[in-house]
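A short write-up of the structure that comes next.
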Amino acid sequence: MTASNRFDSAVERRPSLVAWRLAVFAVFAINGATMATWVARTPAIRDALDVSLEQFGLLIFGMAVGSIGGLLVSSHLIARVGTRAGMLGGVLLSLIMIALVGVGSAQLGSYAVVLAALVVYGACMGVVDVAMNVEGAAVEQEQGSAIMPWFHAAWSGGSIVGAAIAAGLALVGVGLDLHTLGIAVVLGVAMLVADRGLPRHRPLPGLDDDGDGPKRTTFGQRMAIWREPRTIVIGLVILGMAFAEGTANDWLALAMVDDRGVDEATGAFYFGVFAVAMTTGRIVGVPILNRFGRVPVLVGSAILAIIGLTTLILVDQPVVAGVAIFVWGLGASLGFPVGMSAAADDPERAAARVAAVATVGYFAFLVGPPLIGFLGERIGLINSLWVVLALVVVTAVSSPAARERGAAAREREKRAAKSDTKADAGSPAA
C-alpha cells in the first residue's frame, strides 16, 4: 500500500468532525462532573472520616501532588498510547477512584484508602487534562477555527450538573457510597459512548512522512520543551490567569464576608457572579477569538481583569463589587483555554507543550491559595488581591507569545480576509 493510500485509509476510518467535536465536548463535561462529585461531598467525606481540617487538607494536597505527577508523565504516556487511550483509560480509572473515595469514607472509614484514591485520581486528572486539551486543539486545527473556550465551558457545565446532582442526593440523604458508585457507572457509560466519536488515528498534521501514523518524539525531545522560550512565556500567560481564577474559586466568598462585611449567602452570591462571568466569557469568546486572534483577546482579557480587580479592591460598595467581580470573571475566562491552544500549535509536540504549560497553571492553583491565605492574615484578603493583579499584568505583557503560528495563523488570516470581504460587499459604493 502506498503512503497516499494509507493516508486516505486513515481519513476514511476517522469519525465525522461533528461527532469528534461532540465527543470532546462530552469528555470535558464528564471530567467536570467527576471533579464536582468529589468537591460537593467534601463535608460528608470529612465527617465520615472524622478528621481535622489539617488532616483533610493533607487529602487535598495528596490529590494536588498526584495531579502534578500526572501532568509530568502525561506527554510521555500520550506519546506511547495516544490521546484517545489516555482520555478513555484516565477517565475510567478516575471514576473508579472517586467511587473508592465514597466507599472508603462511608463503609471503611479508612483515611489511608481515601488518601491513596485521591492521589491516583489526581494523577488521572492530570493525564486526562492534557489529553483532552491536545484533542481539543486537534479539533480546532481540523475545522480551522477556535473552539477551545467552548470545550472549557463544557467542563464548567459538567461541574454545575455534577454539583447539582450531589446537592440533590445529599438533600434526600443518599449516602456517599451509593452516590459515588452510581455516578461512576453513569459517567463511565457516558465515556464509553463518547469514545466512539473519537478518531482512532492522530489528526492529519501529525502523520509520518510515509503516512503511517504519528511522528514519534524521544524522551529528550519532550523534556527539551522546558527550554523553549515560547513555551515558558505561554506558561506565564496561563500562570497569571490561573492565579486569577483559582483565587476567586478559593477565596472570593470568604474575602467578601471577612473584609466587606456581607453575610454568607451574599458571599456565595458574589462567587456565583464570578462563575457566571467565567462561563459567559468562554461562550462568547470564541467568535471574538476567530475574528481578532489570540493576542488582542488575551490583552483585552487582562485589561478587563485588571479593571475588575482594581475596582473591587478600591471601591467598597455592594453593587459596584458585583459589577467588578463580573468584569474580573470575564477577564479571567479565556486565558487558560487560549494558552492551551497556543501550546498545541505544533501537532508533533503538542502533548509535551500542553503538559508543560498546564503544569505551570496547576502550580498556580496549588501555590496560589496558601499564598493568598498567608497574605490575607496580615493585610486582609481584599488587599492580597494586588498580588493577583500583578500576575495578570504579567499575562498581558507575555501575551504576544501566544500569537498563532503555522497552520493556525494561516487559517485566522483566511477568516479575517473573508470577514473583510463580506463587510466591503455590504458597504455602499462610493
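Quick reminder: no glycine exception, Cβ is built from N, Cα and C everywhere.
All annotation found in TrEMBL is predicted automatically rather than curated by experts.
Listed in TrEMBL for this protein:
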type: DOMAIN; residues: 17-402; note: domain 'Major facilitator superfamily (MFS) profile'
type: TRANSMEM; residues: 20-40; note: transmembrane segment
type: TRANSMEM; residues: 52-73; note: transmembrane segment
type: TRANSMEM; residues: 85-105; note: transmembrane segment
type: TRANSMEM; residues: 111-132; note: transmembrane segment
type: TRANSMEM; residues: 153-172; note: transmembrane segment
type: TRANSMEM; residues: 178-194; note: transmembrane segment
type: TRANSMEM; residues: 231-248; note: transmembrane segment
type: TRANSMEM; residues: 268-288; note: transmembrane segment
type: TRANSMEM; residues: 295-315; note: transmembrane segment
type: TRANSMEM; residues: 321-342; note: transmembrane segment
type: TRANSMEM; residues: 354-375; note: transmembrane segment
type: TRANSMEM; residues: 381-402; note: transmembrane segment
type: REGION; residues: 402-430; note: region 'Disordered'
type: COMPBIAS; residues: 402-423; note: compositional bias 'Basic and acidic residues'
Same-chain Cβ contacts of the transmembrane segment (231-248) under 8 Å, 6 or more residues past its ends?
-> 225, 271, 274, 278, 298, 301-302, 305, 309, 325, 328-329, 331-332, 334-336, 338-340, 342-343, 353, 356-365, 368-369, 372, 385, 388, 391-395, 398-399, 401-402
Would you kindly list the residues that approach the transmembrane segment (354-375) from elsewhere in its chain, counting only those six or more residues past its ends and only Cβ-Cβ distances under 8 Å?
-> 64, 67-68, 71-72, 74-75, 126, 129-130, 133-134, 137, 225-226, 231, 234-236, 238-240, 242-243, 246-247, 250-251, 336, 339-340, 343-344, 381, 383-385, 387-388, 391
So which residues does the transmembrane segment (85-105) touch in its own chain, when a touch means Cβ under 8 Å and the partner is 6 or more beyond its ends?
-> 27, 30-31, 34, 37-38, 41, 44-45, 48-49, 74, 77-78, 113-114, 117-118, 120-121, 124-125, 127-128, 130-132, 135, 175-181, 183-184, 187-188, 191-192, 195, 198
Under 8 Å, at least three CB pairs between the transmembrane segment (153-172) and the transmembrane segment (178-194) (pairs 6 or more apart)?
-> yes
Report, as numbers and ranges, every residue of the chain located at least six residues beyond the transmembrane segment (178-194) whose Cβ falls under 8 Å of a Cβ in that stretch; write 'none' if there are none.
-> 22-23, 26-27, 30, 33-34, 37, 41, 88, 91-92, 95-96, 98-99, 101-103, 162, 165-166, 169-170
Taking a Cβ cut-off under 8 Å, which residues six or more beyond the ends of the transmembrane segment (20-40) line up next to it in the same chain?
-> 14, 87, 91, 94-95, 98, 101, 118, 121, 125, 128-129, 132, 135-136, 139, 142-143, 147, 150-152, 154-163, 165-167, 170, 179-180, 183, 187, 190-191, 193-199
Beyond a gap of at least 6 residues from its ends, the CB atoms lying under 8 Å from the transmembrane segment (381-402) belong to 229-230, 233-234, 236-237, 239-241, 243-244, 247, 251, 254-255, 258-260, 294-295, 298-299, 302-303, 305-306, 309-310, 312-313, 331-332, 335, 338-339, 341-342, 364, 371-372, 375
So what's near the transmembrane segment (321-342) in sequence-distant terms, Cβ-Cβ under 8 Å and 6+ beyond its ends?
-> 133, 136-137, 140, 146, 148-149, 151-152, 234-235, 237-238, 240-242, 244-245, 248, 252, 256, 260, 270, 273-282, 285, 289, 294, 297-298, 301-309, 311-312, 315, 354, 357-358, 361, 392, 395, 401-404, 408
